[in-house]
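Pulled from Swiss-Prot, these are the features on record:
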{"type": "BINDING", "residues": "His25, His32, His69, Glu114, Glu116", "note": "Mn(2+) binding site"}
{"type": "DOMAIN", "residues": "30-164", "note": "domain 'Nudix hydrolase'"}
{"type": "ACT_SITE", "residues": "Cys67", "note": "active site"}
{"type": "BINDING", "residues": "Glu87", "note": "Mg(2+) binding site"}
{"type": "ACT_SITE", "residues": "Glu116", "note": "active site"}
Amino acid sequence: MTEEHVVLLDEQDKPSGTLEKYAAHTLNTPLHLAFSCWLFNEDGQLLVTRRSLSKKAWPGVWTNSVCGHPQQDETTEEAIIRRCRFELGVEITDLTPVYPHFSYRATDPNGIVENEVCPVFAARATSVLQVNSEEVMDYQWSEFKSVWKSLLATPWAFSPWMVMQASDEQARERLLNYCQR
């Protein structure tokens, strides 16, 4: 895969440049564009992934299915499809926004900051997973309600963005409705 960049955003969330992805994530990460996607299988189960230990931010924590950064001149939807293929080796369908205006800032235990405008989507996995071990060290298909209970009981075991996204009542309801259709 070619070197990835993040699209930097100004105070009005408008693109203001790019920066190499690894260089962007520091103790003082600038605001940038990202995405988060929750994948469901045909049985309505949610794919929860555990981030590789080689990840710069939040290594080894459990998180939603796939996250990433749209590249310059790439739509968020195109970026989600690209990252699903790269991280999970999976094709998707029925890509649906569930929390289009999500943004957050969080600092991991090593001091690395995430500072993102991060629209959240749900999608349906349509092929068998072929996980990239450089991105994902473990994964599990689980019932959404079971994952929600785990998020409430042990939020420290999950990425902060996953906890924040699921804690939004409207987003949680949209995810629940998505997995039941």
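Note that Cβ sites are derived from N, Cα and C of the backbone, with glycine treated the same way.
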(Q) Counting by DSSP secondary structure, give me helix, strand and coil numbers for the domain 'Nudix hydrolase' (30-164). (A) 31 helix, 51 strand, 53 coil
Q) So what pLDDT does the domain 'Nudix hydrolase' (30-164) average out to? A) 97
Q | Pairwise CA distance, Glu114 (Mn(2+) binding site) versus the residue listed as 'Mg(2+) binding site', rounded so that it is a whole Å | A | 19
Q.
Quick check for you: of the binding-site residues His25, His32, Glu87, Glu116, which have their Cα within 10 Å of the Cα of Cys67 (active site)?
A. Glu87
Q) Whole-number Å distance between the CA of His69 (Mn(2+) binding site) and the CA of the residue listed as 'Mg(2+) binding site'? A) 13
Q.
Using the Cβ center of His25, His32, His69, Glu114, Glu116 as the Mn(2+) site position, which other residues in that chain lie within 8 Å, going by their Cβ?
A. Val6, Lys21, Ala24, Thr29, Leu33, Ala34, Asn115, Cys118
**Q.** Candidate with the highest Cβ count within 10 Å, taken from the binding-site residues His25, His32, His69
**A.** His32
Q: Within 10 Å of each Cβ, count the other Cβ atoms, then let me know which of the binding-site residues Glu114, Glu116 comes out lowest.
A: Glu114
Q.
Counting only residues 6+ away in sequence within the same chain, which have a CB under 8 Å from the CB of Glu87 (Mg(2+) binding site)?
A. Thr49, Val66, Gly68, Val131, Asn132, Glu135, Val136
